[in-house]
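As C-alpha cells, the structure follows; a few thoughts come after it.
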C-alpha cells in the first residue's frame, strides 16, 4: 500500500536499468480533483491535476528525479542548472536526497532572494554572474560539456522522460485518457512531455484513446501563437514568462497530431481563473497554473465544447510558491470592529449582504 | 486506483452516515519517506510523515474535512474560527469546496497579512477585533452557540476524528505501527489524535502494536513539561507557540499510556533539525515541524535508543508556509562573479573547498 515514487511505479516505461538508483521523495501520485462547481457552470467535466502537491511544490520534481537518478548512475558527483525558479528548487532537493552537490547559476540583475531561498535551504550553492539568463545557461552548457558535472536544465533528455509520467497518472486515475488536456505553455517542455506520455500509454494498450492537447501561452509571452520569439516577454504568470520556448517544435506537433491547439490568455483571464480555482474549488495554485483553466473558460465562451467532454486542467505549481500575488489579488484589508459579540455579528451580516 | 480522500478511505473508522457528504480535496495520502542519511547517522530507522503535502500545506486538512462535512450534514451555511495560521487556511479551503461561507476572527494587533493571504484567496471573510486572541476565540464560541454557524476551532469534536487518520495511514504505509512516533506539541491536539488513531487501529486488529508517543514542545512554550501555563510563550516555531494547550490532559495521557514522554527542544535544536531535513533528506518543512526530528536527535544524544528502532517523525506543515525563516537560515548571499566559464569554474571549486 505504500507509494514508492515515480521510478518504481512506472519503471517499465522509463529508461531504468539495474544500475539506476530508485531515488524518490514520493514525487507524483498527485491529486486529480473533480472541479464540481466549475464543471456545473461550464457544462463539461473538469478535473484539476494538482501538481503543486509534489515534494518541492511543482511538476518539475517528475523530470528531476529521473535526471538526478541517471546522474548518480553515471557516477556524477555534481549537478548544475541555470534557473531562478522551480527548476532550481527541484534540482537542489533531489541533489540533497542523492548526496550530490548542486550548483545554481543565476543572472545578477533583479535577484529575488525569496525565490532562491528554497534552493538554498536544500543546500544548493548559488552563483550569480554579471550577465543575463541566456549567458548563464550558455556557461552551464560549456562547463557541463567539459567537466564531470551533469546539466539538469530542460535540455537534459531524462527530464522529459520523468515528466511524461504525469500523463500515465491521469490515465490511471480516470481509468482512461480524458477527451482533452489543458496546460500552461511557457518553455513548452511540459506539453511535449504529456503528449509523449499519452502516446506511449496508448501504444502500450493502457488507454483506449489520446486527448486533444490544448496549450495556453500568456498573451505577453505568446511566441508560438505569434510565430516568432518575444524579445521582452511580460506576464504576471512568471513561471511561463518565456519569449523563446525551448520545446517550440514538439509543442506545435503535440497540438497538430492531437487535433488540439496552442492558444493564449490575458493576465486578466489568468487572475480571474486563479481566484475561481481557490474560491470555488478550494485549490490554491501558482498564477501560471491558472492559464489552463483560463484557456478552458475562453474556449467555452467561444463555443468550442459540445458539452459533457472530460477536460483535465494541469495546475503546474503550488500557490504558496508566490504568495504575493494572492495578497495583492485578495487585496482586502480585514474589517476591524470592537470586541463584542454584537459588533462581530453585525459585521458578519454586513459581509453577507455585500456578498449577496 | 484513484485516491478518493480520507472520508472515503477510512469511512468505517469515522463518524460517517448516509447523510454525510464525501467532501474531499484529496487530503491525506501523504508521503512516508525513509530518511536514509539521518537513519544511518543515528542508527535507528527514521521515517518522515510529510504532512506539508496536504492540499493547504498542513495536517489541519485532515480534521477540517471531517468538521466541514459534518457542518454540511447538519445544514450549516457558515463556519467560523479564530485563527491567524494553518487552521484558517484549511477552514477557508474546505468551506470554498463545500460552498459554505467562512468567517475568520483575528486580533487586530500584529496582523501578518501574509499568513492570512491563503485564507483570503479561498474567499474567507476576515474580521479583526480590538482585543486579543483569547477574546476572539471567546466571541467565536458565543456566536456559534447562539446562531446557526458552525465552530471549527479545535474544540469541534470532529476535528480530532479526522486527524486520527494520520495514524491509520502510518500503519498502512509501514505494514504495522512503528516502535515510536515523534511529534511537535503546541495545542496538543495532534498528539492526542494520533494516539486515538493508534489505539483504535490496534483494537480493530489492523496493527499488532502501539508506538511509544514522544511529544516535543518548544522550550519557550513548554507548558506541559513545566506543569504550568506559559503566559508569554516565545519560539521561532510559531505553529507551536502556545502557552496553554487545549488538549493538555489527553496529551499527557498519550505519553503515559504509551510509555512515551513529553519533552522539549530549544529553538537552536529546532533550526538545526529544520536545516538537516532539507539539506540531508531534501524535505522542506515548517520550522515547528522540525521539533519532532530535533527531539529524536536530543534523545539519541541522551542514549535513549538501543538501535534499530523504527521512529516516525511527524512533519506537520510545508516549508513554503514560512519562507522567511528559510531566507534567514540559509542566509547566504549568492557569490557574484564575471560571466566567463573560467570565473564560474573557479567559484565552483572555491565553494567545494569551503565545503571541505
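Positions of Cβ are set from backbone N, Cα and C atoms, glycine also.
Heads up, TrEMBL stuff is auto-annotated, nobody curated it.
Features as listed in TrEMBL:
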- B:24-317: domain 'Tryptophan synthase beta chain-like PALP' (DOMAIN)
- B:60: N6-(pyridoxal phosphate)lysine (MOD_RES)
- B:86, B:186, B:187, B:188, B:189, B:190, B:316: pyridoxal 5'-phosphate binding site (BINDING)
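Locations of recorded TrEMBL features on the structure.
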residue: B:60; record: N6-(pyridoxal phosphate)lysine; DSSP (3 states): helix
residue: B:86; record: pyridoxal 5'-phosphate binding site; DSSP (3 states): helix
residue: B:186; record: pyridoxal 5'-phosphate binding site; DSSP (3 states): coil
residue: B:316; record: pyridoxal 5'-phosphate binding site; DSSP (3 states): coil
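For the binding-site residues B:186, B:189, the greatest number of Cβ atoms within 10 Å around a candidate Cβ is found at B:186.
Apart from the site residues B:86, B:186, B:187, B:188, B:189, B:190, B:316, the chain places the Cβ of B:59, B:154, B:184, B:185, B:191, B:239, B:240, B:242 no farther than 8 Å from the centroid of the site's Cβ atoms, the recorded pyridoxal 5'-phosphate location. Per-residue confidence over the domain 'Tryptophan synthase beta chain-like PALP' (B:24-317) averages 96 (mean pLDDT, predicted model). Counting only the Cα atoms, the space from residue B:188 (pyridoxal 5'-phosphate binding site) to residue B:60 (N6-(pyridoxal phosphate)lysine) is about 13 angstrom. Under 8 Å, Cβ to Cβ, and six or more positions away along its own chain, residue B:316 (pyridoxal 5'-phosphate binding site) finds B:51, B:52, B:58, B:59, B:183, B:184, B:190, B:239, B:285, B:286, B:288, B:289. Of all the binding-site residues listed here (B:86, B:186, B:189), B:86 has the Cα closest to the Cα of the residue listed as 'N6-(pyridoxal phosphate)lysine'.
Within 10 Å of the Cβ of residue B:190 (pyridoxal 5'-phosphate binding site) there are 28 other Cβ atoms, across all protein chains. A C-beta separation below 8 Å, combined with a sequence spacing of at least six in one chain, links residue B:187 (pyridoxal 5'-phosphate binding site) to B:154, B:240, B:242, B:245, B:246, B:247.
In sequence order, B:56, B:57, B:58, B:60, B:239, B:317, B:321 constitute the residues six or more apart from residue B:86 (pyridoxal 5'-phosphate binding site) in its chain with CB-CB distances below 8 Å. Just so you know, the Cβ of the residue listed as 'N6-(pyridoxal phosphate)lysine' picks up 32 other Cβ atoms within 10 Å once every protein chain is counted. Of all Cα pairs drawn from B:86, B:186, B:187, B:188, B:189, B:190, B:316, which the record names as binding pyridoxal 5'-phosphate, the longest spans 15 Å.
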